[in-house]
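So the structure is just underneath, and the comments pick up after that.
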Amino acid sequence: MNTNHSYILNLHKINDNHIEALREYAVNHQVPIVDRNTLEMIKQIIRINHTTRILEIGTAIGYSAMQFASVSDDIQVTTIERNSEMIHQAKSNISNNHYSHRIRLIEGDALEQFDKIKDQTFDMLFIDAAKAQSKKFFELYTPLLREGGIVITDNVLYHGFVSDIDIVRSRNVRQMVKKVQQFNEWLMQQDGYTTNFLNMDDGLAISIKGE
């Protein structure tokens, strides 16, 4: 972690110590959750865009869903998770932190849950699940996004390997990196969306619908 990153990180106030305690748990148990600086960026986007309806693909332990909901009492989050252990923990965390009335957790593979929310409209779609499926998630759920809505895709630099695939030795990792590269290139070509990539933490793509 460079000094600028650390400095900026330390400027951000922790608004809820109970939720933030989950970050330590995630680090200790190798649960992938959104990085702190990336999280603060997303929360600022939520404020700027007056976001109240959020769809998240990839709940994990419920950390990011609760962080998004903490921005405003008007925010409702729908989040989808397929891992049974993560579902169990997320339910407990969401309940213990009193967000059950504003966070709806849908259990199952996100590629199979569209019908459960097909009549809803969202202001923001956050994709933070299986990287090989990002394109399918984008295609499936963006029809539910309002005009001017935002798609945020996390981990688009995939541990820094995307920009320097030659350093990857594992065949499986190399295949994953190629899929992320292909998704990034595909994303930039989508008509009806303006996309920018941010080189922060593990990489972030921000796509605005209708621009």
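Backbone N, Cα and C atoms are what each Cβ position is placed from, and that goes for glycine too.
Some features that TrEMBL has for this protein:
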type: BINDING; residues: VAL34, SER64, GLU81, ASP109, ALA110, ASP128; note: S-adenosyl-L-methionine binding site
type: BINDING; residues: ASP128, ASP154, ASN155; note: Mg(2+) binding site
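Positions of TrEMBL features highlighted on the structure.
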{"residue": "VAL34", "record": "S-adenosyl-L-methionine binding site", "DSSP (3 states)": "coil"}
{"residue": "SER64", "record": "S-adenosyl-L-methionine binding site", "DSSP (3 states)": "helix"}
{"residue": "GLU81", "record": "S-adenosyl-L-methionine binding site", "DSSP (3 states)": "strand"}
{"residue": "ASP109", "record": "S-adenosyl-L-methionine binding site", "DSSP (3 states)": "coil"}
{"residue": "ASP128", "record": "S-adenosyl-L-methionine binding site", "DSSP (3 states)": "coil"}
{"residue": "ASP154", "record": "Mg(2+) binding site", "DSSP (3 states)": "strand"}
Message = At a 10 A cut-off on CB-CB distances, which of the binding-site residues GLU81, ASP109, ASP128, ASP154 has the highest count?
response = GLU81
Query = Quick one, of the binding-site residues SER64, ASN155, which Cβ has the fewest other Cβ within 10 Å?
reply = ASN155
Task = Express the distance between the Cα positions of ASP154 (Mg(2+) binding site) and ASP109 (S-adenosyl-L-methionine binding site) as a whole number of Å.
result = 18
Inquiry  = Just to confirm: which same-chain residues, 6+ apart in sequence, have a Cβ under 8 Å from the Cβ of ALA110 (S-adenosyl-L-methionine binding site)?
reply    = ILE57, GLY58, ILE80, ARG82, ALA129, GLN133, PHE137, LEU140, TYR141
Note = Using a 10 Å radius on the Cβ of VAL34 (S-adenosyl-L-methionine binding site), the other Cβ atoms enclosed count 26
Message = Quick check: with ASP128, ASP154, ASN155 left out, which same-chain residues have Cβ atoms within 8 Å of the centroid of the Mg(2+) site Cβ atoms?
response = PRO32, VAL34, GLY58, ILE127, ALA129, LYS131, THR153, VAL156, ASP202, LEU204
